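A.B. asks: Grabbed the feature section from Swiss-Prot, which reads as follows:
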- 39, 81, 100, 126: ATP binding site (BINDING)
- 225-245: compositional bias 'Basic and acidic residues' (COMPBIAS)
- 260-269: compositional bias 'Basic residues' (COMPBIAS)
- 213-269: region 'Disordered' (REGION)
């Protein structure tokens, strides 16, 4: 039987900050991605540091990276890291019930005309996700706890519960449900541009999963059975995210005028 989600009220200053972020117009919303990548990098630093004295800390996943997954169909942008992860109490305390010391100071700075891009300096960069998302879920797995998921569509409260979905092994997965008027942040070119502009000095690989379509001729059997094995990895250049092939989706089977079956393949690289 699935565990009931617990509901928590945001601490008053955090609720105020979120309201300010959601209800005020800011032109440079793109800084949300810089903040979430920066947080992911910090989490990776922490597990790497712990592993220096206890290498077994990396038994739950040796590869340290950040992965970005835009999904236009679902309207989501997902940011995954294989960092230290958060326990249930970390999720509840750090993302809602205990205000960081910079929360009030940042609100005062904003109201005095400071730019939203300063949010990370006050330690509350996570909430910049609400510049472009109307709902956020944070799934996290720390070596010392089970996997939990945090969720909030703002409105003053958030939920947390044990997560029995796909196991992360270790790390954090943030899913942003993008606002209808912000879907350009699901475009590959836009994501690359932001990463290159704001996150070029991150010390871990940033992998971007993208989808491409091509047509190819196949036999009827191949249309059902064919799977692509080889990985096409390319580095766009040293500062850009790494592109990783994770397979393909098939659709739109059709026959051309010669009777040869064709299919449009959506490939994720």
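Every residue, even glycine, has its Cβ placed from backbone N, Cα and C.
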A.B. asks: Highest Cβ count within 10 Å among the binding-site residues 100, 126: which residue is it?
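C.D. replies: Of the binding-site residues 100, 126, the highest Cβ count within 10 Å belongs to 126.
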A.B. asks: Could you find out if DSSP has residue 100 (ATP binding site) as helix, strand or coil?
C.D. replies: coil
A.B. asks: Near residue 39 (ATP binding site), how many other Cβ atoms are within 10 Å of its Cβ?
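C.D. replies: Residue 39 (ATP binding site) is surrounded by 19 other Cβ atoms within 10 Å.
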A.B. asks: Assuming the binding residues for ATP are exactly those in the record, 39, 81, 100, 126, what is the maximum CA-CA distance in angstrom, rounded?
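C.D. replies: Greatest Cα separation within the listed binding residues comes to 23 Å.
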